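This report concerns only the one structure given below.
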Amino acid sequence: MNTSGDPAQTGPEGCRGTMSAEEDARWLRWVTQQFKTIAGEDGEISLQEFKAALHVKESFFAERFFALFDSDRSGTITLQELQEALTLLIHGSPMDKLKFLFQVYDIDVCARQGASAGTEWGAGAGPHWASSPLGTGSGSIDPDELRTVLQSCLRESAISLPDEKLDQLTLALFESADADGNGAITFEELRDELQRFPGVMENLTISAAHWLTAPAPRPRPRRPRQLTRAYWHNHRSQLFCLATYAGLHVLLFGLAASAHRDLGASVMVAKGCGQCLNFDCSFIAVLMLRRCLTWLRATWLAQVLPLDQNIQFHQLMGYVVVGLSLVHTVAHTVNFVLQAQAEASPFQFWELLLTTRPGIGWVHGSASPTGVALLLLLLLMFICSSSCIRRSGHFEVFYWTHLSYLLVWLLLIFHGPNFWKWLLVPGILFFLEKAIGLAVSRMAAVCIMEVNLLPSKVTHLLIKRPPFFHYRPGDYLYLNIPTIARYEWHPFTISSAPEQKDTIWLHIRSQGQWTNRLYESFKASDPLGRGSKRLSRSVTMRKSQRSSKGSEILLEKHKFCNIKCYIDGPYGTPTRRIFASEHAVLIGAGIGITPFASILQSIMYRHQKRKHTCPSCQHSWIEGVQDNMKLHKVDFIWINRDQRSFEWFVSLLTKLEMDQAEEAQYGRFLELHMYMTSALGKNDMKAIGLQMALDLLANKEKKDSITGLQTRTQPGRPDWSKVFQKVAAEKKGKVQVFFCGSPALAKVLKGHCEKFGFRFFQENF
């Protein structure tokens, strides 16, 4: 081993072939910089510093890695030791990485290596795991060692399994790797086992140690995707509406300004902005006519108008209103300054700006004071509508300040002589819809029949379904529970299928004040009320333990109750288009599964309706599709951070898999894809053994050890390029992607959809 620290010459095979000289030098500079940051003043890395830098959850791996990096057994790692070890581990050959992995798994090797320190692996000998004979330790991995490693892998990936399942995983991997059946896994046997997984050996790394690899150089700036042909094609309806909106503003501004050109530039600007505000402040209500928009979704206009972006257009128009109001105010202020400075002016500046004495305006000269009040109200609504307030547990602040739109409209009627004409039709529609919604919701006083408290603070409500409440898969409703907050209505996606006649399901994630109070109230022994009679009539509370087919035993709380609530809806969403698609890709992140749960259940009910059994011979068959469903294929992708979140809908997914198994002869209509982001993948040395064992046991038992489903849960995040390539290669018809989840992931998916020519629809709240 070369002790000069030149990584180009280290290792039995060298690693210059994997790195250019420039990359080599840049990587060494990066490692040196990170080493100095971690090591501190003493210039060496201790075990505790190594653990903190590695960001591993399980100290087992940190201790194993540290022992193998510390070639001189000094109890600390020097810069030279770190460089030599990482050169082989990060940029070395597959055999170098495999030797390291074997030493990690051969637990008793370190004790024996420590006894021989100073002989074979003396100081300056380089990484002992790369140059020493494998037989220095025990030279093999026994079942107890493998079980210890797999147990640490489980903790590292935040997976909890019972001891019996851990024993089964250990046995499955050990029996597969121990080719000669002598009760121990040798280096050659581990190598042969890994070679069954293509690409794993070449890509083995320690993913959690982000400080091991230098940041990639910035890529060359590419053309913004907004300027690509695919973007313009996929967003043509939105772009057309934006162009029409901008053109209308130019027209309104120009007409109003030209009509007052004799009064000066400031008045022209003020009048132009005022005319645009007449339109914006009235039409902004049209974008929130949920019943009208739901009705339009069922017409041909849904193919022309961007109905799914109504909330984004509402927000955009809100920004425009605030901007125009500021310009309008500044222009009038400049005009008042000029008037007050005129010799013949009987009014001072503050009188023109704040009083009714000048007689400016339609009603008792109130234009100036109402204008100031309007600007303050609009700024308040604008600030309280920001995402940092709405999504940080202060939704009530947004809700109550947004109700001041009623006062804004009233002040606008007093402020401008023509605003009432602009508001007449939109205002009638808006208040008519509000009146209908209020009447229907009060007539539809229903009750919460059952509550299930699920993992990750999710509340599952079962509400008695009114006989006239008709909805489609993926629709949402507004819920009001007077015992939580008398005047607050919150939107939630319906997670039950329309074919479910008796109840409506809602799955509510605790993320704000209202949802947290809902969960905590039912979690308490006296739900919703500290003994108040009108809050709850809980009949029974029972706790049941159930095993998720190999997953950990969960403790769920079920409460049967009779709590009065009100519902308003249903309202349509983009997911209504799913059954008109040919190949639908449903992507849910976390609780974003709720609209797709309704859709998947509806699919299950429709398939059950098509299934028939002969009463004589018990032969079963499935008729062709008799409804309007055009679907040829459905890919459902569910991404969760932790294991317990899969429990929300595991029973539904199990039933879907059973139905698919019965229809296997007709082709696989529905494919499930499950991803757990906290789990490490096969390319990570801290998880390769576990993932291999999970694969082997899943093939043996025909079910996943994490969820109990037949579908194998994949670790990490999806590789969207590979996922969409597979979807495109199936050629099942035009692909439409439906997503419900975080805006950050939506942006990523939107870019991939534009690349592959898929239509993208997002659930908005």
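All residue numbers here begin at 1 and follow the chain in the order shown.
Heads up, the Cβ atoms here are built off N, Cα and C, so glycines get one too.
Per Swiss-Prot, domain 'EF-hand 1' is recorded for 26-56, and the stated evidence type is a curator's inference.
Marked as domain 'EF-hand 3' by Swiss-Prot on the basis of sequence analysis: 93-156.
The feature Ca(2+) 4 binding site is assigned by Swiss-Prot to Asp178, Asp180, Asn182, Glu189. For Asp178 (Ca(2+) 4 binding site), other Cβ atoms within 10 Å of its Cβ number 21.
Long-range contacts of the transmembrane segment (239-259) within the same chain: residues 232, 268-269, 271-276, 278-279, 305-306, 313, 320, each at least 6 residues beyond the stretch ends and with a Cβ under 8 Å from a Cβ of the stretch. Annotated transmembrane segment per Swiss-Prot: 239-259 (among others), in sequence order, evidence recorded as sequence analysis.
Among the features that Swiss-Prot reports, transmembrane segment is placed at 267-289 (among others).
Taken from Swiss-Prot, the feature domain 'Ferric oxidoreductase' applies to 293-440.
Residues or ranges marked as transmembrane segment in Swiss-Prot: 318-338 (among others).
Residues or ranges marked as transmembrane segment by Swiss-Prot on the basis of sequence analysis: 363-383 (among others).
What Swiss-Prot records for 395-417 (among others) is transmembrane segment. Same-chain neighbours of the transmembrane segment (395-417): 274, 278, 281, 285, 361-363, 366-367, 370-371, 373-374, 377-378, 380-381, 384-385, 389, 423, 427, 485, 488, 490, 512-514, counting only residues six or more beyond its ends whose CB sits under 8 Å from a CB of the stretch.
The feature transmembrane segment is assigned by Swiss-Prot to 435-455 (among others), with sequence analysis given as support.
The annotation domain 'FAD-binding FR-type' is assigned in Swiss-Prot to 441-577.
According to Swiss-Prot, the transmembrane segment annotation covers 584-604 (among others), on the basis of sequence analysis.
Highest Cβ contact count with the transmembrane segment (363-383) among the listed stretches 267-289, 318-338, 584-604 falls to 318-338 (criterion: pairs under 8 Å).
Listed by sequence, the residues of this chain that lie at least six past the ends of the transmembrane segment (318-338) yet keep a Cβ under 8 A from its Cβ atoms are 249, 264, 266-267, 269-270, 273-274, 276-277, 280-281, 284, 349, 352-353, 371, 374-375, 378-379, 381-382, 385. The Cβ of Asp180 has fewer other Cβ atoms within 10 Å than any other of the binding-site residues Asp180, Glu189. In this view, Asn182 (Ca(2+) 4 binding site) is surrounded by 10 other Cβ atoms within 10 Å of its Cβ, with every protein chain counted. In the three-state DSSP reading, Asn182 (Ca(2+) 4 binding site) counts as coil.
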